[in-house]
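Summarising the annotation, TrEMBL assigns active site to Glu341. Here TrEMBL flags His424 as active site, proton donor. As annotated by TrEMBL, compositional bias 'Polar residues' applies to 650-664. What TrEMBL lists as domain 'PKD' is 507-593, 719-789. Residues annotated as region 'Disordered' in TrEMBL: 646-673.
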Amino acid sequence: MSYKLNLIVWIAILCQLSLFSADLVNLRNAEMPLDLQRFHAGDLAESLGLPEGNELRFVREHIAESGITHTRYRQYYRGVPVWGEEVLVATHADGSIYALNGRMATEVDVELRRIAAGYGQAEALAYAKELHHGQGLVGRFFRDESSELVIYMVDETTPVLAYAVRFFSDDTSGDPTLPTYILDAATRDVLFFFEGLMTADGVGPGGNQKMGRIYYGRDYDPFEVARSGSTCTMRTSRHITKDLNHATSGGSVHSFTCDENTHKEINGAYSPLNDAHYGGGVVFDLYNTWYGSPPLTQTLELRVHYGNGFENAFWDGRAMTFGDGANTFHPLVSLDVVGHEVSHGFTQQNSNLTYSGQSGGINEAFSDMAGKACEHFDGSRTDWYIGSRIMKQQGRAMRYMDDPPRDGRSIGCADDYRSGMDVHHSSGVFNKAYYTLATTSGWDARKAFDVFVKANQAYWTASSNFQRGAEGALDAAAELGYNCDDVVAAFRAVCITVTAPSGCTTTGTPPSADFSVTTNELTASFRDASTDDGRIVSWAWEFGDRMSSSLQHPSHTYAAAGTYTVSLTVTDDEGMTDTVRKSVTVTSDPGGDVELANGESVTVSSATDTWRWYKVVIQNTVATLADDNLIVATTGSNGDADIYVKYGSRPSTSDNDGRSTSPDSNEEVTIPSPRNGEYFIGLHAWSAFDSVTLTVSWDTGGGGTAPNADFDVRVTDNTARFRDNSTDDGQIVAWFWRFGDGASSTEQNPQHAYGANGSYTVTLEVTDNDGMTDSVSKTVVIDTGTGETDWEPYTLYQVGDMVLYDGVSYRCLQTHTAYPGWEPPTTPALWARQ
């Protein structure tokens, strides 16, 4: 019987197995005994308590500078691997265990069932291609195909026998794809799917119109090439750079006549081949210098000028490919993008994070971190923006590590994650954690990257989610001897709570509990005002009447009037607590609001701890009364009547515009410059009173004199800065400027940039708090001259800049840095004679 027939028979027998329930155990947090005797005898599966039929097969290992050996194992059940899960074992030099990480499936039971007839690995591959491309298979080419029988954990609880199928496909128009399908081996149902295409010494020019023209060998180090006679080839022992020449496959390693490569300017970039080849060398040197090994186990291959107008860059599992952009992007070969794509390969050959869900967000974020680390390694300015140097629109970037939601789609808090979210948008969680850590005192872009590189190598697995990814980063920091408090704080900033391992403790401070309260009759509305050095995660309220709440900002209605002791206990993300207690008084409402006229008095009697409600309606001839007051007063010979006043709604003891609290019933509240509208008055009986007189009065307005408008102005180039010098007997409350060119402002001291030279009549109108106005006009002259300066080498010129050279005026046509030999008369592509 042939090997193929034997294999099919074996699969047919095995695929009669249906797997029942199982558990995925997180080894980092598991409290399980480890049989050290079996472990040292080499039987890891038995030492971890896995039953018969399970084995853990070696994948790879690396030895850290600390001497700790990190080894990856893949779990197999009856010879079939568990998809996406690995067991990570870290051991000291003496063989003792330092740490366990990863996940393993326990209690995998089986029963007999049938599999679809004739459904093997080849059939699964063909079925996946048909699913992915439908009837569009003609004209496509395929490579890097794989089809493997696996155990897939549905919902992380139910193991199912399945095929894991993966392939790369493209066509001549530039439509690359790298899908992974998990297909039920019995029903052919798609259990899981994700798109795995991960997108984003020679001398010569580089850069683009946005970042400016640069020259390798002068502004930056030259890039390494292979030389044969007078021919230089973009090939080194580390990486090669191919020119696809707008095809989607093939291409050849680019060569040129030594030593300068000027091929080729396209879409606002001066030589994407030079940029990509230089960037590839930087990425290789970073990993080799900082971490003692290259980013990939194979030679780096960078493919430039992919397709026509392709606005992306991608890693397809074996090469980095860069499009030339179109309307949105310049060619996508900036250093952070090159570092990003190469580092997808590093991830694939280490943790192999699944490019979907939360693990996909971590995958994308790690590559973004690598891009910033490359800028740091190269001595470039790290701006925390991804792709800002290749996006044509000024002020725009692909992603913002310091503020992920700024792009309108990304998230910066793990709590905002939603199933199905694009991995480029969910990457914001770990991007912000990296930014927070890298900008913490005592850290920088390299030190923070150390943590995530170590996590990728030793503590993450393909299925790591945000929580396990953060735990892995914290374990990595502990192994490196870095400050774990800072790592905990960085993840706390993105809504992820992690606990430091033993020997790496945190020293956070407890929260400070506080709240405010407003009352309306028997209802109290509470607002949490607690603070913490991290994040408060729970609130426990006790309202003093045996009722409680766990909301952050609750409301509570009491059954009866009275004074209650309310307590709030808050707990932060480190488990620390604090409690605050306050007295809250609520009262029943005896009726509506009695309206009082100006100068009116009423006689009031009230029992202890009750309220009487009144209001006044002010309708003046002006908006406010600058020279008068609203006065509310009581006179009486018994009890204690307290006055509370508020504009627009009923006041309370804690929310009012004015109050009086003398120990008797002779009280007064003054509201200066009252506004038009309703003022509500609450008369509260601290102790019972009888026959107390309440009186209200205010002025009807109409007095005062008009303001005197005046201003001065200072002009610099085309910008005028105005300063208000107006005066009034009361208060000026509004300013309205007309700048003479159709523009206006309501600021007190504005500035305005004029678009052309000329004389402009500027008018300022001011209004005071009596509603009176005044205006003044002045002439402002704008004369900026020609704006021309002498042309100078080593100067960055922007499009539209004007210079003088030998007494002749020239206008800049392309953003560039000028160098000797690029004088305006000799470079018509850069300068236009005026």
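Quick reminder: no glycine exception, Cβ is built from N, Cα and C everywhere.
Automatic prediction, not curation, is the source of TrEMBL annotations.
Model, not experiment: these values are computed from the prediction.
Model confidence over the domain 'PKD' (719-789) is summarised by a mean pLDDT of 85.
Taking DSSP states H, G and I as helix and E and B as strand, the domain 'PKD' (719-789) has 0 helix, 41 strand, 30 coil.
Geometry remark: His424 (active site, proton donor) versus Glu341 (active site), CA distance 13 Å. Within the compositional bias 'Polar residues' (650-664), the DSSP-based counts of helix, strand and coil residues read 0 helix, 2 strand, 13 coil.
Neighbour counts were taken as the number of other C-beta atoms within 10 angstroms of each residue's C-beta; across the active-site residues Glu341, His424, the minimum falls on His424.
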